[in-house]
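> For reference, the structure I am asking about is given below.
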Amino acid sequence: MGETLTAKRILLIVGGGIAAYKALDLIRRLRERGASVRAVMTAAAQQFVTPLSVGALTADHVFTDLFDRQDEQDVGHIRLARDTDLIVVAPATADLMAKLANGHANDLASAVLLATDKPVLMAPAMNPRMWTHPATRRNRATLEKDGVHFVGPGKGEMAERGEAGEGRMAEPLEIVAAVEALLGGGEKPLAGRRIIVTSGPTHEPIDPVRYIANRSSGKQGHAIAAALAKLGADVRLVSGPVTIADPVGVATTHVETARQMQAAVEALLPADAAVFVAAVADWRTAAESGEKIKKVAGEGPPALQMVENPDILAGVGHHAKRPALVVGFAAETQSILKNAEAKLKKKGADFIVANDVSQGSGIGEAGVMGGDRNRVRIVSKSGIEEWPEMGKDEVAARLAALIAEKLKTVAVWSEPDGGRSVPPRQFRRGER
Ligand SMILES: Cc1cc2nc3c(=O)[nH]c(=O)nc-3n(C[C@H](O)[C@H](O)[C@H](O)COP(=O)(O)O)c2cc1C
């Protein structure tokens, strides 16, 4: 981890939700990267964590009251709102979103949010019903239109027993990545380059309730999309069904099946590079049953007839609009290198990132699929490069740097309208 946020000033607004405890870790992570963090806490936030803990971590005074005479004299809410590079709201409650969307300013947090001229990043956290309520959806759309950035929420178990769904606050490191994407100065060697990335698994329906899937979490693909965006690329991510948040600053198209993923990728061509990280199902059922297949006593299990899915990597590797650089991933459990070399030739890829996804790979506790660590080998015509085991974010950063290096000598593709106005698309069940 480098000092990616050196000298950056961040104003963190902590809202009143259970996820407020994660704000403590967020402060630590931001400061580790060189940022200075000042905190504002709502009255509700102080029911969950104390200003003492927050202040101990920011090593600064914590601001809690719009009408505190001393604070108003020393700093003042307007200066608080302006003397910063970015305002992060974590957790962003339904209430804080509603207030900003409607221009309320009746406490310090909302007054600062209204008075600022700096970018605002919100990390919402709330019960799934609150998140999907039409009022919250409206507020989010309004805030997005007003230029507020969002990270998360993701899906998962809620703090309340038995509640699960969308509404879990993004993890502190995901918020840090979003902050870096917004503030990251640094070099932008991929500025002006369009790069397609696929990520996650695909789901191949059997009937309206069952599908064939795999264990891909999307963590590696999403990390690569974020790392490429950080280097300035115009990244178009095509993601299968995952429970992690879309990377900030990356136009993401959500798909379910391999055929939808292929259509989405082809619609995004031409591009300068394409990185195929998704674990695309090799097969699907020959015909999806329109009705739930019933279990009939004495008849035994149904025979599922399978057909091959399109090979998206090979399709793009041999496409008339083939990007200058095509990168594939090979998740294998045996003969990893032999398979990667064969894949390189067959698929028309420039290099294959081979990883061992076998149970006994010894990588992290969770293994590569679903885990946070990876050990890869880069197989290309010029040989094999072995990278040591590292976090998926680091694999992503190194791969992004490698792609930037390879594209240095390649001219940027061009189209009359730049082809860049294609909005991300959502595919629905049954749509092919
Ligand atoms: C135990 C408990 C947990 C809560 N968790 C959340 C939450 O995760 N997200 C949310 O939007 N509101 C949550 N609320 C409701 C907020 O605390 C409430 O709307 C409050 O007015 C928010 O104030 P603030 O936006 O000024 O921080 C929770 C309330 C309680 C009592």
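Glycine is no exception: its Cβ is also placed from the backbone N, Cα and C atoms.
OK, TrEMBL features for this one:
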BINDING   Asp282, Lys292, Pro310, Asp311, Ile312, Leu313, Phe329, Lys343, Lys347  CTP binding site
DOMAIN    8-180  domain 'Flavoprotein'
DOMAIN    190-405  domain 'DNA/pantothenate metabolism flavoprotein C-terminal'
REGION    1-194  region 'Phosphopantothenoylcysteine decarboxylase'
REGION    195-432  region 'Phosphopantothenate--cysteine ligase'
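Could you tell me the structural context for the features on the list?
DSSP classifies Ile312 (CTP binding site) as helix under the three-state reduction. Within 10 Å of the C-beta of Ile312 (CTP binding site) we count 25 further C-beta atoms, all protein chains included.
The average pLDDT the prediction assigns to the domain 'Flavoprotein' (8-180) is 92.
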> Under DSSP, is Asp282 (CTP binding site) part of a helix or a strand, or is it coil?
coil
> Same chain only, sequence gap of 6 or more: which residues have a CB within under 8 Å of the CB of Lys347 (CTP binding site)?
Asp311, Leu313, Ala314, Gly317, Val326, Gly328
> Across the listed CTP-binding residues, Asp282, Lys292, Pro310, Asp311, Ile312, Leu313, Phe329, Lys343, Lys347, what is the farthest Cα to Cα distance, given in whole Å?
37
> Cβ neighbours within 10 Å, counted over all protein chains: which one of the binding-site residues Asp282, Pro310, Phe329 has the most?
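It comes out as Phe329.
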